[in-house]
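The next block holds one structure in the form of structure tokens; read it before the comments.
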């Protein structure tokens, strides 16, 4: 009997590409509501080109903006859908999403405002803040060498923004796999969307406070404060404790940040997944992906393939995310100022 040949990088790539074909050939939800490509072709021609050129020009100078805009779009879509409610300021009537604890580290508000101002000068009262945010996030990822994806437009802006809803709906870094999949399911997103959207962390950073419980006093590692999560690579954990996030009683700053993909956090690539399979991920919610057999198989499959496979999978899930619970037609409004509603009524 012939000795089986070791799996080559070609065969791993072929397997990963087959996974892409299988996913892309499955039923893909159509654009929700009245979203469509070229929605502004008559009312604001050239708006997508205008947004894209502005984003590319500025992201190339400050590439960290890409992660900020992508995260801003994600947090927006998870609360009341992709309606730019995350951009609204708090008022005397209530505390808005942007002031909820999970959103206090969001950045990019000023950048979106600058894009919206540019669009308003060309086409007053026509293009929604929700569409500006969706386009800006897509173009920012593409500007740093990541994938692009189709963004049908026609979203309307929401008029309600609630801190409590943000607390309830935004995924927490401590969530288990089941908690994550249950939450994603309420948005019409599946297990594979969870796996591929998590790949956004390839350009992300995390605050020490969001994963300190994996470095100090982890219950699975025994009693005491000097215990780390046993599922975290020991050498990686030691480096984090010694160089990045010192013990709380040693005075580490809760706002200290750590790259989620060390060495290539400004490059959109497979670095996040490669670190994940080595148990060198920061968040418990990332480590949770390896606790499910199907999710783990997807991660291990894509790690062996070219970046382009991940790009296709990520782009598909981003296109789906961008249509979550959108408002169209007579719903919502078109805000002229993304931080303030035009009127108090829906």
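Please read every residue number as a count from 1 along the shown chain.
Even glycines carry a Cβ here, placed using N, Cα and C.
Quick look at what TrEMBL annotates:
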- 75: active site, proton acceptor (ACT_SITE)
- 76, 79, 81, 83, 85, 97: Ca(2+) 1 binding site (BINDING)
- 171: substrate binding site (BINDING)
- 202, 261, 269: Ca(2+) 2 binding site (BINDING)
- 44-123: disulfide bond (DISULFID)
- 77-82: disulfide bond (DISULFID)
- 129-338: disulfide bond (DISULFID)
- 208-245: disulfide bond (DISULFID)
- 1-33: signal peptide (SIGNAL)
Subset of binding-site residues (97, 202, 261) lying within 10 A of residue 82 (disulfide bond), CA to CA, in sequence order: none
All-chain count of other Cβ atoms within 10 Å of residue 202 (Ca(2+) 2 binding site): 26
Among 79, 208, 245, the one of these recorded positions whose Cβ has the fewest neighbouring Cβ atoms within 10 Å: 208
Per-residue Cβ crowding (10 Å cut-off), top of disulfide-bonded residues 82, 123: 82
Local Cβ density at residue 44 (disulfide bond) - other Cβ atoms counted within 10 Å: 18
Around the Cβ of residue 85 (Ca(2+) 1 binding site), the count of other Cβ atoms that are within 10 Å: 28
Position of peak Cβ density within 10 Å, selected from the binding-site residues 76, 83, 97, 269: 76
